[in-house]
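See structure below.
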Amino acid sequence: MSRETRAERAPRSERTGNEVARKLRADGGEQLATADGDIETAIRENHPALITYITAGDPSLEDTKAYVEALDRGGADLIELGLPFSEPTAEGPTIQAAINRALDAGTTPAQFFDLVDELETEAPLLVMTYYNMILQYGPSEASRASKAGAAKPQNKPDVRPFVERAADAGLSGIIVPDLPAEEADPLRDACDDHDIDLVFIVAPTTEGERLDRIMSRVSGFAYVQARLGTTGARADVSNATHDSLARLAGYDVPKAVGFGVSEGDHAAEIVAAGADGVIVGSALVDIIADHGAGDAPAAAELEAKARELKQGARRGREEAPEPEQP
Amino acid sequence: MSNTESDHADASADQANRKRTFGDYGGQYVPEALMPALQELEDAYERYVLENEDGFMDEFSERMRDFGGRPTPLQHADRLSERYDRDIYLKREDLVHGGAHKLNNALGQVLLAKYMGKERIIAETGAGQHGTATAMAAAHLDMPCEIYMGRTDVNRQRPNVYRMRMNGAAVNPVEAGSGTLKEAINETLRDWATTVENTHYVIGSVVGPHPFPRLVRDFQSVIGAEAREQIQEQAGRLPDSVVACAGGGSNTMGAFHEFVPDESVDLYAVEAGGSSLKIDEEEGVAPNSATLSTGTDGVLHGALTKLLQTDDGQIVESHSVSAGLDYAGVGPELSRLVETGRVTPTSVDDEAALNGFHRLSNLEGIIPALESSHALGYLEENHEELGDLVVVNVSGRGDKDLETVLEETEKRDLEAAPDVEVFDA
């Protein structure tokens, strides 16, 4: 993989106005030495991109396989798979319930990676999980366990086994909702070594130096959190979305907006506001929950929903202001 | 990076890192939306708590005196001293307003929120002690207050729910999971992620992301500061050991902090051994809350610390007869102090704690909280290794636990139990 910096990257003809207008960071800080991976390519080639989330193992891993394939057919350009963690503090009720269903079904990290091994989708896959799941993956219990009452050093948990397995399985990116940029260096380094993108979330409260810090570490895309709070389908597009996209306009990384996006019209509005992609999770998880157990009963509806969202995003591009010529 | 300016930037980044952690423990593992609020809190912590800006710490101390009842006595326990043939002193945090050390932190944080211009207080509670302390502090300082409490805890800690309501706090039951402290923290974090701009989250222990473990420790360190002065006045020297129970660890760090530099003083953190120290991986259940003694390193609720978890990293349900110790994590600074060998982690089981409860009630006329009873259980079993002069932190009073204690005691047919058949007719 070539190691050109973002500064050296040639402008691409298919970029939208926002992308062409992007400028380098004003402070000239060190740019992350990562070339376009699968994720940026997928977003740029399918612009505006549809990014979908479902929880692996909800309600079973067999269903998840069928659902991922359905989303792929329906036009999802990137697919996030949630690896369930018992304490999903960033999630609203919908995805909390999905995670509980997946855990009740006995979903483990090992099974999760087996599923990813089997999947052959056109859309690159990302894993979304909490940091403890990444830290604990790998070393055997024997090497980590400390004896009761003893205060001797134990092997520290390490992010590398997870990242290595993710790379082996063909995952293109990782999103960790409880890992801010300040704590991310070990994972960022491991991801760089394995050419995996590490996506960071940019919140409505993120600005100034912190925004710079995040944007100097992000790769793949910046996950723009549309509103304060937790994940969950909403009836409208938040004003914070427009403000956040404006704050990010100067950074040369694709921006995708999530948290509350549930309909094609939302997708259109968000893309018209300058986003390179929309991220939809809870609205899809709702469909899975409504259909319950069976032989992947939600597949057709998921495919149709993906299509609606993708069409919405395309409509948004037509409504977007004409690109400025450099 | 090689030029001097970036070296300088690296050095100051290193310094910032060290402040955020205790060795490798601690840190700030939270959703991005909360990071600016943590920075704002860190700034307020430095100005008001560390530097006493605008006389913040003076006001805190005054209010803890007039409203909270500080200082609390350090009492020589005559009959326990006789029983164990050494001098046992009790730090009487059960006499703080509200009946536990919890007010030290709650009042400190609510006052800090006020100085920061926040308009609303939220907090989690397990047994209800932190919730009641926060509700009292919020009423005292005229701040609107909402408490998240697991459904199971709401049902089993009714008196505390009534107390919070009496003080004007809203109590929001959390239906998720096992309906205990862990779920209550999750839900409070979710509220905070939505309302962070005008709301302060009064976390109840020395847990959570930086700066909470330091902030809470500093508000609680009044326990050890008083005890250290009192024991020298009363016994003429520093103690040989300090014993405190440990769940999340706020009374533990509060009792220990001022003694940490005194290398001659041994520090014992007594955890809830529950019914067994072994985790049931299959069920995802630990029949104990002995995190320091048996846990492994991981990230929960914003910090890298010792946890009760499965090999895959799922957090398990902890258990203890004492609701206040029932937590699968522990403060990161305690994890560090155990790692360096400064603090000795120990545990006693439910039965030893229940016996400790009865013993102190019977011998000294003090009904201790079931949490504190773990420290008393350890004293009974291991007094010979504690030296001639021992301070035990009685972190709270046990009125709240009477029903549980009677029920659990009867189940186990403990000899120490008083006869309460007077009610049966």
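Cβ atoms here come from the backbone N, Cα and C positions, even for glycine.
Note that the structure is predicted; figures quoted are calculated from it, not measured.
Straight from TrEMBL, the features:
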REGION    A:1-32  region 'Disordered'
COMPBIAS  A:1-28  compositional bias 'Basic and acidic residues'
ACT_SITE  A:E80  active site, proton acceptor
ACT_SITE  A:E91  active site, proton acceptor
REGION    A:306-326  region 'Disordered'
COMPBIAS  A:306-320  compositional bias 'Basic and acidic residues'
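In this structure, A:E80 (active site, proton acceptor) is part of a beta strand by DSSP. Other C-beta atoms found within 10 angstroms of the C-beta of A:E91 (active site, proton acceptor) number 25, with every protein chain shown included. Cβ neighbour count for A:E80 (active site, proton acceptor) (all protein chains, 10 Å cutoff from its Cβ): 26. In the three-state DSSP reading, A:E91 (active site, proton acceptor) counts as coil. Residue counts for the compositional bias 'Basic and acidic residues' (A:306-320) under DSSP, helix first, then strand, then coil, are 14 helix, 0 strand, 1 coil.
Taking CA atoms as the reference points, A:E80 (active site, proton acceptor) and A:E91 (active site, proton acceptor) are 15 Å apart.
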